[in-house]
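Per TrEMBL, the feature domain 'NADP transhydrogenase beta-like' maps to B:8-452. The transmembrane segment annotation in TrEMBL covers B:6-22, B:34-52, B:88-109, B:115-137, B:157-175, B:181-201, B:232-252, B:259-279, B:291-312.
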Amino acid sequence: MEIVFLAFILMLSIFLGFELINKVPATLHTPLMSGSNAISGITLVGALTSAGAEHTVLATVLGTIAVAMATINVIGGYMVTDRMLAMFKKKGGAK
Amino acid sequence: MGIELLVNLSYVAAAVLFIFGLKMLGSPATARKGNLVSALGMFIAVVITLLDQSIIDYKWILAGVVAGGAIGALVARRVEMTGMPEMVALFNGFGGIASLFVGWAALYGMDANTFQLITIVLSILIGGVTFSGSMIAWGKLSERIAGKPMVFGGQRIFNILLIVAIIAASAMFTLNPATPIYLYVVIGLALLLGIMLVIPIGGADMPVVISLLNSYSGLAACAAGLAINNIILIVAGALVGASGIILTQIMCKAMNRSLSNVLFSGFSAVSATGAAAKIEGEAKAMTAEDAYYVLEAAASVVIVPGYGMAVAQAQHVVKELQELLEKNGAEVVYAIHPVAGRMPGHMNVLLAEADVSYDLLLEMDAVNPRMETFDVAIVIGANDVVNPAAREMEGSPIYGMPVINVDMARNVFVMKRSMASGFAGIDNPLFFKENTRMLFGDAKEMLGNIIKAFN
């Protein structure tokens, strides 16, 4: 039953993703990509449990590397997206 | 129970923030706030996860977060806007390898059942392909390795064998999870597959590949979420997976090619169909001064940037020219082809950096119908996306691809280093048209010369 439950969540999320992204204008494709890239760093959440659970040495090592890599992805992704979006201005706007 | 419920409810909140964040990314006015909303969702998800009871020791977590955070922040701050495609490729790869490790480490935390073993293999496979594929893409984009498609005889057969081997090794691993050798084989083959998938793809097709790898990095997180039974990973991963696939589709449509055509055959394979007609005529060069005289009299100008503008770092001089033309009473707009540059929206970011208002950046479909009304079209470092052969020469490898019809403007200026053909290696009849003038040289220098003539 749990598998079915997870499959449902998966399916609905994919459809939602399609709906959300379809409307994004071409101008914002790069920030969209780096922003969604940062979201894919969510794997950090999984890495945290692996790094801290002390199952085996190998699992801790793998978890720690995963935490570092995913954090690069998350912090770098959000920061660079913000930097980019700060540059998108309309004529007559601030500055 | 109490804490577990709290953690899961917070995941729901994080998912809501991700969804709102992505929705707000849909308009330039709200996009920046949307990114912050999404970051807030990430922050909540991470902090709340630290409450999880299975976490005993925080020192390794801290070490990983500090190291990763410092590197990420440094790179994000330092990177040039022209270097954005390679940086996104790099980050994609890091996300992929993290998912691989999460899946791998999940093996040791539990007595995995078959379903979990399958999801572990999936996260290792997708994560591995994402990682090595992204590294190759990064190498190609930053020109550390040749950008040309690498193809060899028997490549297709090799890839099929590779996939068969991966399926076999994955099955063996699922049946014997205690024997690590199968796991190592799966990891090695996944990495090899990622390399094999990206090396045959040329630089001009990179927008498609980056979008696809972006999608994979999401799917890898999604698979890792299934493996460790974590809902936020599944939801967020699937959102990213879907968004990457949509971008991939948009890019493919803009090149009038199917995804499989991009992935498995370079342009060379297509060009075998029928000899293209010989292009007659002679390209006419002009000086910056002559260009100035025409521009000075022009009432409307459309600028078409391409990858060459990024290479020459010419976005700021372009903006300078725009201001001069506007001061002179001319209307200036930009026409952006969906696949101009090396990633989706590449040109838009560069022009935004140079402070060009985003409502002047028009999409191809908005500009083409009124192309005849422009006095001058200035093509800066673009080639294939303005090639009229796509419209008029049946048998040309890019025939049928939607292009910006600059040749229909009254005058066309093409800024180009030399007469060499574009990335796709296709001759461009645009250069030989009656109304086309060539400005040979570095785009930045050429624009600078025109600006000098204005002052």
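Here the Cβ of each residue, glycine as well, is placed from N, Cα and C on the backbone.
Keep in mind that this is a model prediction, so the values were computed, not measured.
Distant neighbours of the transmembrane segment (B:157-175): 114, 117-118, 121, 125, 182-183, 185-186, 189-190, 192-193, 196-197; these residues of the same chain sit at least 6 beyond its ends, with a Cβ under 8 Å from one of its Cβ atoms. Most Cβ pairs under 8 Å to the transmembrane segment (B:115-137), among the stretches B:6-22, B:34-52, B:88-109, B:181-201, B:232-252, belong to B:88-109. Here the transmembrane segment (B:34-52) has Cβ contacts under 8 Å with residues 3, 6-7, 10-11, 13-18, 20-26, 58, 61, 232 of the same chain, all six or more residues outside its ends.
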